[in-house]
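Undergrad: First the structure, then my questions, so here it is.
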Amino acid sequence: MARSICFFAVAILALMLFAAYETEAGTCKAECPTWEGICINKAPCVKCCKAQPEKFTDGHCSKILRRCLCTKPCATEEATATLANEVKTMAEALVEEDMME
């Protein structure tokens, strides 16, 4: 009985983590740290972003504050796959333990 409760607790926690990783997928944004002044033209902003060590792939000027914002794909696909494999392994181990008892 205690193993079943533990199994369901781990499964629910894993699903919550999986859902959290899924909501973060998409595009990561950050303000360009070396940009000075008002951002009016996209081309210099893109150049500034690509020169950053964070390996940004694109950039654009924000509409209201006119700041240079750098963008890149978030690396959550790998994290999601890893998390899914870990959850599967944990679930299989718990089921195996329940069967042995």
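The count begins at 1 with the first shown residue.
Heads up, the Cβ atoms here are built off N, Cα and C, so glycines get one too.
Pulled from Swiss-Prot, these are the listed features:
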- C28-C74: disulfide bond (DISULFID)
- C32-C48: disulfide bond (DISULFID)
- C39-C61: disulfide bond (DISULFID)
- C45-C68: disulfide bond (DISULFID)
- C49-C70: disulfide bond (DISULFID)
- 1-25: signal peptide (SIGNAL)
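Looking at the shown structure, what environment does each listed feature sit in?
TA: C74 (disulfide bond) counts 14 other C-beta atoms within 10 Å of its own C-beta, drawing on all protein chains shown.
For C32 (disulfide bond), other Cβ atoms within 10 Å of its Cβ number 22.
The secondary structure of C61 (disulfide bond), as reduced to three states from DSSP, is extended strand. The Cβ of C61 (disulfide bond) has 17 neighbouring Cβ atoms from other residues within 10 Å, across all protein chains displayed.
All protein chains included, C68 (disulfide bond) registers 26 other Cβ atoms within 10 Å of its own Cβ.
In three-state terms derived from DSSP, C49 (disulfide bond) belongs to a helical segment. Note: C49 (disulfide bond) has non-local neighbours C32, F56, T57, D58, G59, C68, C70, T71, i.e. same-chain residues 6+ apart with C-beta under 8 A of its own C-beta.
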Undergrad: Give me the long-range Cβ neighbours of C48 (disulfide bond): same chain, 6+ apart, Cβ under 8 Å, in sequence order.
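TA: Counting only residues 6 or more apart in sequence, the Cβ neighbours of C48 (disulfide bond) under 8 Å are C32, T34, W35, G59, C68, C70.
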Undergrad: Cβ distance under 8 Å to C28 (disulfide bond), same chain, sequence separation 6 or more: which residues?
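TA: Sequence-distant Cβ neighbours: T71, K72, P73, C74.
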Undergrad: Could you measure between C61 (disulfide bond) and C45 (disulfide bond) for me? Cα positions, answer in whole angstrom.
TA: 7
